[in-house]
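These come from TrEMBL:
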- 12-30: transmembrane segment (TRANSMEM)
- 36-61: transmembrane segment (TRANSMEM)
- 68-88: transmembrane segment (TRANSMEM)
- 94-116: transmembrane segment (TRANSMEM)
- 128-151: transmembrane segment (TRANSMEM)
- 157-181: transmembrane segment (TRANSMEM)
- 210-229: transmembrane segment (TRANSMEM)
- 249-270: transmembrane segment (TRANSMEM)
- 341-360: transmembrane segment (TRANSMEM)
- 380-409: transmembrane segment (TRANSMEM)
Amino acid sequence: MRTFLIIWSGQFISKIGSNMSIFALFLWIWQFTETATAIALLTFFMQLPQVFASLFSGILVDYFNRKHLMILADTCVALCVITMGLLYSTNHLLIWHLYALVALCACFGNIQNLAYSTSIALMVPKQHYIRASSMSSFVIEASAIIAPALAGTLYPVIGLLGIFIIDIITFVVAMGTLLLVQIPQPSQTDTTNLESETIWQKMALGFRYIVSKPSLLAMTIAFSLFWFVHQLGETLHQPMILARTGGNAQVLGAVLTAAGVGGVIGALILSMWGGFKRRVRGMLVGFIGTGLGKIVLGVGQKPLIWIGSKLFSSMNIPLLFSSNNAIWYTKVPPHIQGRVFAANEATGMIIGSVASLIAGPLADRVFEPAMKSEGLLASIFGPIFGTGTGSGIALLYVITAIGIVLIGVR
């Protein structure tokens, strides 16, 4: 457990730095372009490369030293951040530079995450698996609280370059923790069966298994529908708030922090309660709660409403994801869970990438013009959403939220 705790602490600190950089990039792109499309494309390039990386990451971590993979992947991500910083400091940074470098970061980050997650069972005794899993979830949720608050406060003072420097410092801390410990490797017998398969067979097995099981296929379809409308809305909620506040980074940081707090609260409640006995019901209730919170967020036009509704919406995320994961753990045999879960993850990332790709153009070219004072939809929805900047994005956001609720009450 000691080895895990050392690495976990480094990953926690590094995750905060990475999320600060992502938050700062959103702010810089908005200031540079003031378009939802540019921000949506950044999200797209953070997601799509992981689809391809995930198909190979599982194979890499089975054949190569996982500690070395984590160090190599972390180093490559740090080099990408350093490159962004150099381009920015010399006034040569362009939007397409960010898209390309973020895509590279996403690929290496996918390898690092899988190498880390698959090493947990090798570092932690079985009786502590649940504790280790909850601590890994804590890293995600807590960094979502801390990073936006720090970046939103520091960005007006130290700018994008200062945030990058903080990110590099956190990388050095994470690298130091990795160099301090030895990570056990799986025995050769764990990968023997993989030797007889071609690379295409290894990648395709997960998809074949899902299609062959009607219950898992139905789960995949339902969750894919949810993920599409969810990501469509999530891509837009940051530009929506920036548009409605005149680019106020502190307000956006407060809303994102509320999302992290909601996730932590939801996870704590779930750990004490245990969730619904019928896991499908837990997933559907999570859909409905998430959607209702998002509806209030889209309709609201004040920071306090955004913060409260985002907190409530995010409280439901652990319920729906934990219920979904429990079903997959029950339905899929342990010896093929890696490849099946990778296939399911790749499907979700494809869905999320498509949603992110179309979200910006829908907002900028369809809904925003339609909600201007003389627009096609202004007379119908103007009394609810207003007709100022961001009102069209808010309308589209609420439509996606209603879609989430409808999936839950199917």
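Even glycines carry a Cβ here, placed using N, Cα and C.
In this chain, the transmembrane segment (12-30) lies close to the transmembrane segment (157-181): three or more C-beta pairs between them fall below 8 angstroms, excluding pairs fewer than 6 positions apart.
Among the recorded stretches 36-61, 94-116, 157-181, 249-270, 341-360, the one sharing the largest number of Cβ pairs closer than 8 Å with the transmembrane segment (210-229) is 341-360. Using the rule of three or more Cβ pairs under 8 Å, pairs at least 6 apart in sequence, the transmembrane segment (341-360) is not in contact with the transmembrane segment (94-116).
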